[in-house]
């Protein structure tokens, strides 16, 4: 344990100076602290905030790896190098080294920029303000590369991360005090600041965007299209993917959001490790299904004409909404963020339900913002404290009534 | 400053920094959000407010002893309205394009909280010269923030300053655009103005801790 002791010595050396939090953070990230408390009664548990965060990151690793394969697969498929998958999840066309490395070299820089910039800001703030480095960015840093298009320019990502961490989190007082989910703040910033890189039919497949080809002096053909399913539905086009493709994730989209199967696995991991709230996940799915059913019945009852621009999204089978776009990813990894979600159990049901409900609503009625789940979660983040307040007040009132009955 | 006594000079200096109408009193936010997407519009707006507030404060101050206090708000409104109409007509006559950009916000100077606030808080209780200085000071304090916000919003949002393409041409890819830089569309939207104002408030209060309220 040479590293541990060296870190400890450094920590002692810089104790009381401004640099102390930086060494302390590295030390406790890697090892148990050298000092433990001696007196008083303590609950002993292995899971501090850093371990909790690491569990979430572990749940996301399958999505990240799949995202790397998928980025390469979509690219090779688009330029006609390989055929579409035919034999289910373990298709040999998909799991090739070639696919993986194309994706790996595209996505690794995203991860590095996200962590480098984000943790850099956390360290700077900790040193300036003289508090311990906060763990909050560990999960955010992993979420960010998973929810952006694969070809997003790295400097844009860096700008967005600075904005998201400073404006979304630090101004509110740091980890645990933020109102909005920082990862979604970063994505929303990108979405509104650089819409041409975040939506449309060119950005979702590596190499499809002519601007990227220019930068790379591309030898790729210029007729690649890489529309997401939501994008084609919003324009009333036929969707070229079947439900199984959507479920397994062989579709274009943000890096880690495509494979519903792996997201469900990650979600189960979070539920069994008691880190993610199953109430939020379940109620959000229910909310989305309810809204989907309402739209389906409106479409099938003939209340809306087939020429309407909403028809094709409205008549999408209600359960398809769970498979396409970022809904599954948002529900499992973003809506359950313990800081920004509702805290009370009853509140979680309401919060989750409304996220699902509003996601599909935005998705269908505003084709300019096909990714409704991002906006729905941000909106409900704002309302979460209000929901909690009324749940608690309701409980207080109920108990007050009981009290009166007894004393009377 | 030999021209002004220390007390009078404070009337101009205070609103520029430690008693700024936007960042400390948080007045006049609506127009600060609405017309700061372009530097030119922000400058014209600042000058308009300077004119209205400077003259308005003097007029109200001169009339302060004959206005019945029950109808003073109406009198104040009439004074502002008259001055705003002058500004509006001048803009329409000499800078028509600009007056279209500013559109309704020139008329809305009437409801700018800073103006009514200074009338009520200062001009009604002070002499004409001091009221004039107070009006100028507050309008300058308002203008400074407006221009800072507009500077960043226009530079980062459109890549221009006063309409000049200081960062190069985004379509022909000259200047910084040749390196893949792109304009930040979020800067053009009103929410970003709020955030920029917030950052100015943050910086100001970090430099002067006495401004932090509990």
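Every residue gets a Cβ built from N, Cα and C, even glycine.
Residues or ranges marked as FMN phosphoryl threonine in TrEMBL: A:228. Under DSSP, residue A:228 (FMN phosphoryl threonine) is assigned to coil, being neither helix nor strand in the three-state scheme.
Per TrEMBL, the feature transmembrane segment maps to A:52-71 (among others). Taking Cβ pairs closer than 8 Å, the transmembrane segment (A:52-71) reaches residues 94-95, 99-100, 102-104, 106-107, 111, 135-136, 138-139, 142-143, 145-146, 150, 206, 249-250, 255-259, 262-263, 265-267, 269-270, 273, 275-276, 329, 333 in its own chain, all 6 or more past its ends.
TrEMBL lists A:107-128 (among others) with the feature transmembrane segment. Only residues 6 or more beyond the boundaries of the transmembrane segment (A:107-128), in the same chain, are considered here, and those with a CB under 8 A from a CB of the stretch are 18-19, 21-22, 25, 64, 67-68, 71, 134, 136-137, 140-142, 144-145, 148, 150, 152, 154, 157-158, 161-162, 165-166, 170, 174, 255.
Summarising the annotation, TrEMBL assigns transmembrane segment to A:143-167 (among others). For the transmembrane segment (A:143-167), the list of distant contacts is 60, 63-64, 67, 71, 103, 106-107, 109-111, 113-114, 117-118, 121-122, 137, 182-187, 189-190, 193-194, 197-198, 203-209, 212, 254-257, 326, 329, 333-334, 374: same-chain residues at least six beyond its ends, Cβ to Cβ under 8 Å.
Summarising the annotation, TrEMBL assigns transmembrane segment to A:179-197 (among others).
Residues 55-56, 58-60, 62-64, 66-67, 70-71, 73-74, 84-85, 88-89, 94, 107, 110, 145-150, 204-205, 226-229, 241, 278, 281, 322-326, 328-333, 336 of the same chain sit 6 or more residues outside the transmembrane segment (A:247-271) yet have a Cβ under 8 Å from a Cβ within it. According to TrEMBL, the feature transmembrane segment maps to A:247-271 (among others).
The transmembrane segment feature in TrEMBL is assigned to A:278-298 (among others).
Residues or ranges marked as transmembrane segment by TrEMBL: A:318-336 (among others).
Residues or ranges marked as transmembrane segment by TrEMBL: A:348-366 (among others).
What TrEMBL lists as transmembrane segment is A:372-392 (among others).
Taking Cβ-Cβ distances under 8 Å and a sequence separation of 6 or more, the neighbours of residue A:228 (FMN phosphoryl threonine) in its chain are A:201, A:204, A:251, A:252, A:253, A:324, A:325, A:370. Sequence-distant neighbours of the transmembrane segment (A:318-336) (same chain, 6+ residues past either end, Cβ-Cβ under 8 Å): 56, 59-60, 63, 143, 146-147, 181, 183-184, 228-230, 233, 243, 246-247, 251, 253-254, 256-257, 260, 263-264, 266-267, 270, 276-277, 280-281, 284-285, 288-289, 291-293, 295-296, 351-352, 355-356, 359-360, 363, 370-374, 376-377, 380. Among residues of the same chain six or more beyond the transmembrane segment (A:278-298), those with a C-beta under 8 A of the stretch's C-beta atoms are 267, 271, 304, 313-319, 321-322, 327, 331-332, 335-336, 341-342, 345, 348-361, 364.
Cβ atoms under 8 Å from those of the transmembrane segment (A:372-392) belong to residues 147, 179-181, 184-185, 187-188, 191, 325-327, 330-331, 334-335, 340-344, 346-347, 350-351, 354-364, 366 of the same chain, restricted to positions at least 6 beyond its ends.
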